[in-house]
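The topological domain 'Cytoplasmic' annotation in Swiss-Prot covers 1-30, 103-111, 159-178, 232-352, 402-408, 458-477. Residues or ranges marked as transmembrane segment by Swiss-Prot: 31-51, 82-102, 112-132, 138-158, 179-199, 211-231, 353-373, 381-401, 409-429, 437-457, 478-498. Under the heading topological domain 'Extracellular', Swiss-Prot lists 52-81, 133-137, 200-210, 374-380, 430-436, 499-502. Here Swiss-Prot flags 252-273 as region 'Disordered'.
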Amino acid sequence: MTTSSDSAMVNHTPSPWYKFGFKSFAEFNTYVTFVFLGMSIMMVASAVTSAPDFLTRYYVYATGDPDAVAETPLFWNNANTFYNAGTYVLQVLTELFSLTPFMRRIPLSVRLFVGLGIPFAELLLIIIVPAATIKSQHGAIAVIMVVACVGGFSKALCDSCTNALVGPFPTKFMNGAQWGLTVIALLMSIIQIILKVSMGTSFHDILTMSRIYFGICIGIQLFAIFELAILRFNPFAQKYIAEYRAGAQRNAQNNESTLEETAPSMNEPAAGDIADLPATVDDKERALNEEEGDEVRAVTSEEFHVKRGAVLTATGDADKMVDLDQTGNITSTEQLLRASAASVFKRVYPMLVCVFLIYFTSLLTFPGVFFLVSTTSGWYMTVIVTLFNAGDFISRMVLMFRPLRPSPKVVVAGTLGRLIIIPFLVLCVRGIIRGEALPYVLITLLGLTNGYFGCMACIHCPRTTTLRYAGERSLAAMLSGISIMLGLCFGSNLSLAITLTH
């Protein structure tokens, strides 16, 4: 393969408005798959966080004693914060390990299926323990922390692999995966409110609600696995996921060999043979059917000498570029192994810093510090969680419209500007500003800015014209996931320290 430029323009024919920008069912189903993969990343965490009363009183249901008194009030009063801290610590470690050559050699689909399978064990454990009951409250604490740590591992696998898969796709697919993160959170909050309103508050009612609640989670997780399983056969997804494309071409070549043996007169071009392709096939389609030459695929040393923070000054549209390593016979593993994480980091680090700071601020204050506000309302915690999830959801929906997407420089400004929420929250916690109205306003703003600037910072990482290889885009997306986890980890642990010393 030879190429004279780093990118090629792809012809985009506008589709009717009622198709919402999708040109085929295969493209739409690919988008749906990434939404559900995003949902699966936060499935267990969102389910637990959206039912704060169930978690903080889990010792009652685990021991089967409706009159049980907390033996370790320090833990149970801050169960949500302890859960988040345990989850994010292990998730950060696993995500960092995912950058090593050893992990990159494991096929993405294998890692992703493992990550999607683990939540079943977590959800079943949460449900089964109250059904079987245990004698010790310390056992209930152990269950929560085991679920937190195992959940951190599974989330890391799902997050890193989903980011690696979606990185080379056009921007709207990255937005779909990011949107899925908050769709599940809002959905769990709505389900929790419906169940809380429609059912009683007795011991057995709460147990029934929890089984319905977590059963719905299991159903959604099953659908996500189904969507991932059929994604391998999706022709649109094969254009961008080298692992699936290589497998499809191997199958095509095997089928062609069989046909040649039974019908020698047939002379169909083999997969990867571009000699007979019609001239009307666009540049991207042609690149996908070319054979890869090692001398072309290796990233040249000149490409490592890039401007630091180039993402802030990049021009052009990454969606109109053809990545140089999107050829017919390369796999996703090879793309990842040939890209340099250091080179990618150098180009997109301003957005990575924004991602870290946004999620650090969010987890520093939510849910722990917001729950420290003095209130007599039994709905306060549920409303706080719902407002954050709703704001996060709405702002990510806004980003589906290209004109409303902020530039990298605006993302930097927004990241710094949202810090003004913190001093007002401190006034509420200290009782200087009383009531629930201001905390509700602040949590809504926190959710809106978390989704708008956080999601856009993650999108700018892989979808920048400073990256020219699919492997680089996958690594950039993985780095954004690591930045999220670092922000969540440090934010949740600092929040834990604040709540414990309050």
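Using N, Cα and C of the backbone, Cβ positions are placed for all residues, glycine too.
When Cβ-Cβ distances under 8 Å to the transmembrane segment (138-158) are tallied for each of 82-102, 211-231, 381-401, 437-457, 478-498, the top count falls to 82-102. The recorded stretches the transmembrane segment (112-132) and the transmembrane segment (353-373) do not share 3+ CB pairs below 8 A when only pairs 6 or more apart in sequence are counted, and are therefore not in contact.
When Cβ distances are compared across the two stretches, the transmembrane segment (353-373) makes no contact with the transmembrane segment (179-199), since fewer than 3 pairs at least 6 residues apart fall below 8 angstroms. If you look at the topological domain 'Extracellular' (52-81), the same-chain residues 6 or more away from its ends with a CB under 8 A from one of its CBs are 129-130, 133-141, 143-144, 203, 206-207, 209-210, 367-368, 371, 381-382, 385, 492, 495-496, 499-500. Within the model, the topological domain 'Cytoplasmic' (159-178) carries an average pLDDT of 89.
Only pairs six or more apart in sequence are counted, and the transmembrane segment (179-199) with the transmembrane segment (381-401) gives three or more Cβ pairs under 8 Å, enough to call it a contact.
Counting same-chain residues at least six beyond the ends of the transmembrane segment (82-102), those with a Cβ under 8 angstroms from any Cβ of the stretch are 45, 48-49, 55, 75, 111, 144-145, 147-149, 151-153, 155-157, 159-160, 337, 341, 363, 475, 478-479, 481-482, 485-486, 488-489, 492-493, 495-496. The topological domain 'Cytoplasmic' (458-477): residue composition by secondary structure is 11 helix, 0 strand, 9 coil, according to DSSP. Residues 78, 81-82, 84-85, 88-89, 91-92, 95-96, 98-99, 156, 159-160, 163-164, 167, 341, 344-345, 348, 351-353, 355-365, 368-369, 454, 457-458, 461-462 of the same chain lie 6+ residues outside the transmembrane segment (478-498) yet bring a C-beta within less than 8 angstroms of a C-beta in it. Counting residues 6+ beyond its ends, the topological domain 'Cytoplasmic' (402-408) has Cβ neighbours under 8 Å at 171, 311-312, 314, 350-351, 414, 452-453, 456-457, 459-460 in the same chain. For the topological domain 'Cytoplasmic' (103-111), DSSP puts the residue distribution at 6 helix, 0 strand, 3 coil. Beyond the ends of the topological domain 'Cytoplasmic' (458-477), by six or more residues, the same chain brings 6-7, 99, 163-168, 170-171, 174-175, 178, 240, 242, 299, 303, 306, 310-311, 314-319, 321, 323-326, 332, 334-341, 343-344, 347-348, 351-352, 355, 399, 405, 408, 411, 484 to within a C-beta distance below 8 angstroms of the stretch. For the topological domain 'Cytoplasmic' (159-178), the residues of the chain that approach it from at least six positions outside its boundaries are 21, 30-32, 34-35, 37-38, 41, 91, 94-95, 98, 108-109, 111-112, 115, 240-241, 318-319, 323, 326, 332, 336, 396, 399-400, 402, 405, 455, 458-459, 462-463, 470, 473-478, 480-482, 484-485, judged by C-beta separation under 8 angstroms.
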